[in-house]
Amino acid sequence: MFMIRANEIVSRRNEKKTSEGRKVMLVPLKSEKRPKGEPMYRDPDNPFNTWTGIGKRPAWLTAKLDAGISLEAMKMQGVANPREHRQVKYRDPRNAENTWSGTGRRPTWLKELLDSGLSLDDLKI
């Protein structure tokens, strides 16, 4: 009850009178923590509300999802998915599910095969 009343008071303060009537001024929601990274999703009603796609979904996003708006509809244009996988370059001959893109630390299965005498060229796809 108190939170709803406080939100009404804040929203009234953020309204600006114009010749046509009242116009709502959009302001970012106050947050104790702002996640780092590029925002991937934007609130269609308030462009200051954004979400990086990492961590807990903010209240505005869960409210929109509950209202039936899809997550893809709120995705910002031109933003790449940071979790896209790189192309696989090496595969374990013993287990086809074990793959490595060639970047980052070498997986254990690859280290074991290299220690047994195989080369990276032998495992290349």
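For all residues, glycine too, the Cβ spot is worked out from N, Cα and C.
What TrEMBL annotates here:
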- 30-45: compositional bias 'Basic and acidic residues' (COMPBIAS)
- 82-95: compositional bias 'Basic and acidic residues' (COMPBIAS)
- 31-76: domain 'DNA-binding protein H-NS-like C-terminal' (DOMAIN)
- 80-125: domain 'DNA-binding protein H-NS-like C-terminal' (DOMAIN)
- 29-49: region 'Disordered' (REGION)
- 78-106: region 'Disordered' (REGION)
Across the domain 'DNA-binding protein H-NS-like C-terminal' (31-76), what does the pLDDT come to on average, as a whole number? 84
If you run through the domain 'DNA-binding protein H-NS-like C-terminal' (80-125) with DSSP, how many residues end up as helix, strand and coil? 12 helix, 5 strand, 29 coil
